[in-house]
Amino acid sequence: MMSDLSTMTNAARALIDPEAMVHNIQVMRRKAPHSKVMTVVKSDGYGHGLASVATTLAPFSDAFGVARVEEALTLRRAGIQLPIVLLEGFYEADELPLLVTHQLTATVHCKEQVAMLTRASLSEPLPVWLKVDSGMHRLGFQPEQVPEALAALNACDNVAADIGFLSHFGCADELDNPITQAQIDTFIQVTEGLSGERSLAASSGTLFWPQSHFDWVRPGICLYGISSRIELTGEQLGLKPAMRLTSRVMAVRELKAGEPVGYGARWRSSRDTLIGVIAIGYGDGYPRSAPDGTPVWLNGREVPLAGRVSMDMITVDLGPDATDKVGDEAVLWGPELPVERIARLVDTIGYELVCQVTGRVPRQYLPLNAADDAAV
Ligand SMILES: *Cc1c(COP(=O)(O)O)cnc(C)c1O
């Protein structure tokens, strides 16, 4: 929450709209009406603020997915009681008692983890998802290794009954890539006749591959209103962007034709113009690689970035007749300006831009209108 002091400064801030997130999870639920939803909130809720995101989405979720134990503990401290799945499991045997204490669920993807479980002596058995490598070849047991790993886990007193089966797509955002159907086929083959629950789809699987929904879907990025396919915006998928990254104009300066602005004199004006200096930079997570022309939303229009992104500031070309003033609010991305557009210009994905908003940018939560989320 903002203090009065920071409200008065020109500091960048990320306004987070919980209603957008509630809308988005309902969109994802409707896409996979027969599946439970594991709400993925790793990396500080994709930069939106882990505890607040989880509190907002808990009533609409069946479980949470995180990447690190510390993230799971943050959720427990925030009072989250739903199952929490460590999508990459644990790294060292020392962590296992902590997992039991906090009733976390572990993914087991390699034989080293099986060995750690076998040697441990835990006060209660740990619920486990077994990760299958269905073709992405990053984590998980190869199909032919699954029976042996499963037998070892089934025989292990430290592992709870009803082991689930989880896998992850490498190319589900490419609608014509045959790898995805091959992964689905492999996953079905490997898990055929086994009793555990199954989960394969993240956001793209949930949206574009209904045959991958199984018992649990695991959406992440779409919950924040961002497209998992670079070609589309969240809005085009019926989603609402949850983050509006804003800052303020801190100076308006005259620049003569031919004069450069900023580090390296990368940009020069072709005409006499006005330059707006906005209080946000790569120290806040705005990408330094943004080229000249990258749009910034200001007073109802897009203005182009002019010159290199500094640590604490950017400069935009307001045009000679601009009436923008010091203190005016600029939007770097948000409902007015899809983060996917900025991502394409800097050769990355929306995921990275929202994750890399730094700790000095306060996340400010808009109030959730309780009347609207009753209609689930
Ligand atoms: C991050 C992650 C997800 C969510 O992916 P999105 O593309 O953000 O929906 C799901 N499953 C696993 C294993 C993940 O690591």
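Backbone N, Cα and C atoms are what each Cβ position is placed from, and that goes for glycine too.
Positions annotated as active site, proton acceptor by TrEMBL: Lys42, Tyr263. Residues or ranges marked as substrate binding site in TrEMBL: Arg138, Met311. Taken from TrEMBL, the feature domain 'Alanine racemase C-terminal' applies to 242-366. Residues annotated as N6-(pyridoxal phosphate)lysine in TrEMBL: Lys42.
Feature map: TrEMBL annotations on the structure.
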residue: Lys42; record: active site, proton acceptor; Cβ neighbours (10 Å): 19
residue: Arg138; record: substrate binding site; Cβ neighbours (10 Å): 9
residue: Tyr263; record: active site, proton acceptor; Cβ neighbours (10 Å): 12
residue: Met311; record: substrate binding site; Cβ neighbours (10 Å): 12
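Residue counts for the domain 'Alanine racemase C-terminal' (242-366) by DSSP state, with H, G and I taken as helix and E and B as strand, are 19 helix, 46 strand, 60 coil.
It is 11 Å from the Cα atom of Met311 (substrate binding site) to that of Tyr263 (active site, proton acceptor). Counting only the Cα atoms, the space from Arg138 (substrate binding site) to Lys42 (active site, proton acceptor) is about 18 angstrom. When the alpha carbons of Tyr263 (active site, proton acceptor) and Lys42 (active site, proton acceptor) are compared, the span between them is 35 angstrom. A coil conformation is recorded for Arg138 (substrate binding site) in the three-state DSSP classification, outside any helix or strand.
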